[in-house]
Structure formats: structure tokens, C-alpha cells
Amino acid sequence: MSANHAAFNLIFRFVENYISPVAGRISSQRHVMAIRDGFISAMPFMIVGSFLLVFAYPPFSPDTTWGFARAWLDLAKEFEGRILTPFDMTMGIMSIYICAAIAYNLGKHYEKTDQLDPFMCAMLSIMAFLLVAAPKTNGNLPVDSLGGTGIFTAILVAVYCVEMMRFLKAHNIGIRLPDQVPPMIKNSFDLLIPVLVVVLTLYPLSLLIQHHFDMLIPQAIMAIFKPLVSAADSLPAILLAVLVGHLLWFAGIHGAAIVSGMLQMFWLTNLGMNQQALAQGAPLPHIFMEAFWTFFIVIGGSGATMGLVFCYLRSRSAHLRSIGRLSVVPSLFNINEPVIFGTPIVMNPVFFIPFLLAPMVNAVLAWAAMKMDLIGRVISVVPWTAPAPIGGAWALGWDFRAAILVVVLACVSAIIYFPFFKVYEKQLLAQEAEEAQRIAEESQQTA
């Protein structure tokens, strides 16, 4: 036991001294925060668009004769174009929303310190992004780079535009107007020089890349990031993300928020490619997306604690039983702070191993199931608070085999947690017995 505690203390000190400070600095860095908040701001468009995609491509065989399925398939086929129009205006151009939202949030960070107008930052970034991602061709605006493949460009353009505005503002480069001019007119003229500078820097670069490489900037950036995107979709990358996120959680830092913020750009790029493949009738290429993390890896919340909560409900310890009752409903909606801090699991050496192991085992099993085509792959953005079995099926286009897998994974997590739960339960029962005896002795003395 002493050797185990020594090993735990060594790991904990390493996380506390080396990983946590770095993770804390990254998560509080203004550009990272703006990117994270930008993705969150654009999420409603993606959820609605994903829902319509599922409606346009029903999860049934084209040869089915079942009445409801046949009617849905026929309806979707007849009105496919009309159904997909809202999808094209949401998921299909999601990089525009992301670019504007990131620029707005970064501009908001500089609003007080550098007197930037967040709305003007967003407008400038939209113009710049369309300039490099959708230059007019034969009277039409190409939209191929406005979806998932344009996300990396959207991030870079948003950050560049805001930082350029900040630089020009800091060096008093702009058109000065008298103080008597109304603020809105003044703000619009403040944007004039940044627009000119951004156009004169980004557009020649875009023309140069088109001339030499016959591709737009988003296509060039995707070509550069392609190995990284592929690596991020691999099982080792998934396990590394799970490990880092849960090590941070165990040290008391919200690791899931940090890891998901860093992976969001890869997740949405993968999602866009899966949706494009679905529309083309091609095999879905990617596995690792936010819904895979939420509904298959961390079932019930970080640490995949839903199985542990069900163990608590049958516990002989009054403390654990009360935590189980308090946590069971939130856990169904992937909220597990009551069990994380009520147990507590954070910095509790008894639960160190299962807290890391359960989600990693879930990741391996779910990844293998998708790789072997036992279930489908993610095609939808789903609210993270959706109950896991429903959210899993929803994310895969209402593939109810996914719901069955989620239940199986929750049971696997419960099995992993069970021996450690029994050890902790035994400790608490001893403490509760001592406490009961102490209270009884005090009562006798009082009597």
C-alpha cells in the first residue's frame, strides 16, 4: 500500500508541478479562449444543420419495405434539395460563423485595453475570410472552402484581422476625426485603414498561391494540416487526449474543457468531411469527433462515471448512497460534478486508476466498433447534455446500435470501477462505524 501511495504521490506531483501550470496557461491564453468561445458561439447553427442532414439521409436501407421508413426515404428523395438548403446555410458555411465569432470574442478581449470594437472585428474577419476562401469565379462564389475544410483558415484569418486592427490602433495609424463626430461614424472610419491593409496583404497572397499552386488558401492550409488531422483521428491520439484530460481533472483542473478546446478545430474538420462523404454516398472517413468523446468515451461525464454512480446506488455506505442518489439524474445528462467532488474523486488515490482506465477502455472499444463497421460513424453535432444512449444514436444518424454500445460501455465502466469502489466503501464504512460509536458514547455521557 505504501508503494502504491508513493507512486501516486509521484504522479500527482508531476501533474501538479509540470502539466497543470502549462495547461492552465494554455487555457487562459486569450487566443485559445477566443477560439474556444467562437466554436461555442457557432454551435447552434451546427446542431440545427446536422439535424437536417439526418432528415435528408434517413438511416434505412434504400430497399426497405417498412411503411414508415419507406415513406421517409421517398419524402427525403423528393425534397432533398429543399431539405438541404438550411443545411448548406448552416453547416455548409460554418467557417464563416466560426471566423466571425472568434474575431468577435478576441476583439471583446481587447475592447477595454485597446479600444477595439468587437463587432467591427467580426465584420473585418468575414470580409477577409470570403476574400481568400470564396473569390468570385464566373460570377459565382465557390462555397467548397466555407464548410469544415475552411476551419483552420477561419481561425488564422480571424486572429490576423484582430491583431492587425490592434497593431494599427496601438500605433495611431488611421483616420482621425474630431471628437464631435458620432461614435458609430467614428468606428466605421476606424475600420477603413484595417480593411485596406488586410486586403493589400491577404489578397496578393491568395493570388500568389492560386497562380503557383492552383489552389485557394484554405486548400493549401488543409494540405499542410492533413497529416496532423489524420494523426488526430488515430487511436493513439485519442488515448493521449483522454489521458491528459483526465490527469488534469484528477489534479482539480477542468481537463475536459482544456482538451476539447484544443481539439475542437480537428473535430469540426472531421465532421465536415464525414458529412460531405455522406452526401456523396461515400464511406465516412473519420471517427474522432466531439460526439464520440461525449457519448462513447466519457459516458456520464469525465471519467465515465455513470457506471460508478450505479454502484453507489447499491452501496452500504450512507455517504456513497446519498451521492449516488444526488448524482444519478445529472449523470444521465453527462453532468458529473456531484460525483467528482462529492465522493470526492479529485485527488483520491483509490480512484486514480479507474478514473483514467475506464474512459480509455471505452475509447478502444468504441473505436474498434466503428473501425469494424459494427456501428456507424458520427455525422451530427449533438448537445452534450443529451442522455448518452440517445445522444450516441442521434450523433450517428439514429443508428440504434450505437445506443446499445453505449449501454455496454457503461456496464464495462461499472465493472472497472467496482473493485475500487468496494475498497473505498470499506474505508467509509469503517469511518461511519467509528463516527456512530463516537456519537453513541457522547450521548451516553450526556445522559
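In case you wondered, yes, glycine gets a Cβ from its N, Cα and C as well.
Fair warning: this is a prediction, and the values are worked out from it, not measured in the lab.
What TrEMBL annotates here:
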DOMAIN    15-420  domain 'PTS EIIC type-3'
TRANSMEM  38-57  transmembrane segment
TRANSMEM  83-104  transmembrane segment
TRANSMEM  116-134  transmembrane segment
TRANSMEM  146-168  transmembrane segment
TRANSMEM  189-209  transmembrane segment
TRANSMEM  215-240  transmembrane segment
TRANSMEM  247-267  transmembrane segment
TRANSMEM  287-313  transmembrane segment
TRANSMEM  325-345  transmembrane segment
TRANSMEM  351-370  transmembrane segment
TRANSMEM  377-396  transmembrane segment
TRANSMEM  402-421  transmembrane segment
Contact between the transmembrane segment (247-267) and the transmembrane segment (351-370) (3 or more Cβ pairs under 8 Å, separation 6+): yes
Among 83-104, 116-134, 325-345, 351-370, 402-421, stretch most in contact with the transmembrane segment (146-168) (C-beta, under 8 angstroms): 83-104
Distant-in-sequence neighbours of the transmembrane segment (189-209), which means Cβ under 8 A and at least six residues beyond its ends: 117, 120, 123-124, 127-128, 131-132, 135, 157, 160-161, 164-165, 168-169, 173-175, 177, 215-217, 220
Long-range Cβ neighbours of the transmembrane segment (215-240) (under 8 Å; 6 or more residues past either end): 95, 132-133, 135, 145, 149-150, 152-153, 156, 202, 205-206, 209, 263, 266, 269-270, 286-288, 297, 360, 363-364, 367
Long-range environment of the transmembrane segment (116-134) - Cβ separation under 8 angstroms, sequence gap at least 6: 95-96, 99-108, 110, 141-143, 145-146, 150, 153-154, 157-158, 160-162, 165-166, 169, 187-188, 190-191, 194-195, 198-199, 202-203, 205-206, 216-218
Among 38-57, 83-104, 325-345, stretch most in contact with the transmembrane segment (287-313) (C-beta, under 8 angstroms): 325-345
Model confidence over the domain 'PTS EIIC type-3' (15-420) (mean pLDDT, whole number): 89
Long-range Cβ neighbours of the transmembrane segment (377-396) (under 8 Å; 6 or more residues past either end): 43, 46-47, 49-51, 53-54, 91, 271, 274-275, 278, 284, 286-287, 289-292, 294-296, 299-300, 306, 332-335, 370, 402-403, 405-407, 410
